[in-house]
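Data block below; observations after.
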Amino acid sequence: MEQEGQEKKKEGRLTLVLALRTLIAAFGSSFQYAYNVSVCNSPSELMTEFYNDTYYDRTGELIDEFPLTLLWSVTVSMFPSGGFAGSLLVGPLVNKFGRKGALLFNNIFSIVPAILMGCSKVARSFELIIISRLLVGICAGVSSNVVPMYLGELAPKNLRGALGVESQLFITLGILVAQIFGLRSIRQQKGWPILLGLTGGPAAAACPPFFPESPRYLLIGQEPRCRQKALQSLRGWDSVDRELEEIRREDEAARAAGLVSVRALCAMRGLAWQLISVVPLMWQQLSGVNAIYYYDQIYLSPLDTDTQYYTAATGAVNVLMTVCTVFVVESWARLLLLLGFSPLAPTCCVLTAALALQDTVSWMPYISIVCIIVYVIGHAIGPAIRSLYTEIFLQSGRPPTWWGQVHWLSNFTVGLVFPLIQWAGLYSFIIFGVACLSTTVYTFLIVPETKGKSFIEIIRRFIRMNKVEVSPDREELKDFPPDVSE
């Protein structure tokens, strides 16, 4: 009994090996993803000027304003387009190469475009930038799905939430670094290609070959000695039989389900509540946070000081709150973190009023700053969302990356819809406020708690919610067809 108690105590420890491997993997993938989200914002004027100069050198004519705007929109939209394409590749990549192998293969889509973008000005080719944005979007689409999956499967259940937040932490750091590098005091007219090319560095560190594969994936590949060795390396001790047994039981449930595709996931009654629980991921993208990051310089333009410093300050607040979340995610319930959306709806109303009055009331822009910071804090509190989809699906349901496709489709939708709702002007944030309120209510009523539970315990709860017949000794999901893979 005493030995069992010691084993349980050990399972709650964060070993140095586990910490280093999760930190480096999250840095190499999530950091470069976020860096590419923000890196084009500050040098956009210099880049469009380069587009115009290049076209003039070729034809002797300048690009008209509308075609130039359209060309820049294509450049920006290539990133989420590539992200959606990358999310479609996740299933084949992780099933063929494993979690670690998929991250190693994914480096191609970051290092190659980094070189192309770094050489674009010398080559006098803006087409290289457009193509590179598509390729680096593919890299982001793969990494934003595989990294949370990889981190969630490496971590013991009592640390899964905290380690899962690491990817979100490096996303906020990537945004902050891109904002700092974009400050006018640092950025130089000839330095923006270097700014774009820096994305290749973190990708090279994403997942060194000597990193272990996910023990849960190794169970699928029928490599018992490899998975035991990998788990012992992560935990720092030899006694891992208890956790291996838990992994084996999950594997039995996954084998009963078979490998499933996204279409099959949507059609299966046995996964109805899991799919419903992923809806807040879509609402997170539709809640207007991208508008805050992309257009805050417009909102703060009445201020006399340089608004780029306020932009960097919001990025710093985002990082700080995400760091705080790492330490509280295992102490607080997941739902409490997900409900970080709750203050955003009234914040949208106050921000709308502040923006409407900032030209007539001198101190209103500072109210806008406070609202923007509150908005950023609310979104920073919600990174537990990223670990949610790893927790609620079995092995067979993770590779299709339902979460990833929802994320990138929502991201792309925001990019298309936001210009259309700008007719509402300042009142567009009322629309975002409705989205935030809807997310809060939906999360409270629908999404179940997963804190401190093993994958099997979480699946058991969903089985009861889905009203699926269960065999207690084998955890077979009778509602699943024997083979639903395409």
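Cβ atoms here come from the backbone N, Cα and C positions, even for glycine.
Listed in Swiss-Prot for this protein:
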TOPO_DOM  1-19  topological domain 'Cytoplasmic'
MOD_RES   Met1  N-acetylmethionine
TRANSMEM  20-40  transmembrane segment
CARBOHYD  Asn52  N-linked glycosylation site
TRANSMEM  70-92  transmembrane segment
TOPO_DOM  93-99  topological domain 'Cytoplasmic'
TRANSMEM  100-120  transmembrane segment
TOPO_DOM  121-127  topological domain 'Extracellular'
TRANSMEM  128-150  transmembrane segment
TOPO_DOM  151-162  topological domain 'Cytoplasmic'
TRANSMEM  163-183  transmembrane segment
TOPO_DOM  184-192  topological domain 'Extracellular'
TRANSMEM  193-211  transmembrane segment
TOPO_DOM  212-274  topological domain 'Cytoplasmic'
TRANSMEM  275-294  transmembrane segment
TOPO_DOM  295-306  topological domain 'Extracellular'
TRANSMEM  307-327  transmembrane segment
TOPO_DOM  328-334  topological domain 'Cytoplasmic'
TRANSMEM  335-355  transmembrane segment
TOPO_DOM  356-363  topological domain 'Extracellular'
TRANSMEM  364-385  transmembrane segment
TOPO_DOM  386-402  topological domain 'Cytoplasmic'
TRANSMEM  403-421  transmembrane segment
TOPO_DOM  422-426  topological domain 'Extracellular'
TRANSMEM  427-447  transmembrane segment
TOPO_DOM  448-486  topological domain 'Cytoplasmic'
Worksheet item: Is it the case that the transmembrane segment (163-183) and the transmembrane segment (364-385) have 3 or more CB pairs under 8 Å, with pairs at least 6 apart in sequence?
Response: yes
Discussion item. Please tell me whether the transmembrane segment (70-92) and the transmembrane segment (364-385) touch - that is, whether there are at least 3 C-beta pairs under 8 Å between them, with each pair 6 or more apart in sequence.
Written reply: no
Discussion item. With pairs fewer than 6 apart in sequence excluded, do the transmembrane segment (128-150) and the transmembrane segment (20-40) have three or more C-beta pairs that lie under 8 Å?
Written reply: yes
Worksheet item: Per DSSP, what is the residue count of the topological domain 'Cytoplasmic' (93-99) in each of helix, strand and coil?
Response: 7 helix, 0 strand, 0 coil
Worksheet, complete the sentence: Summed over the topological domain 'Extracellular' (121-127), the DSSP helix, strand and coil counts are 4 helix, 0 strand, 3 coil
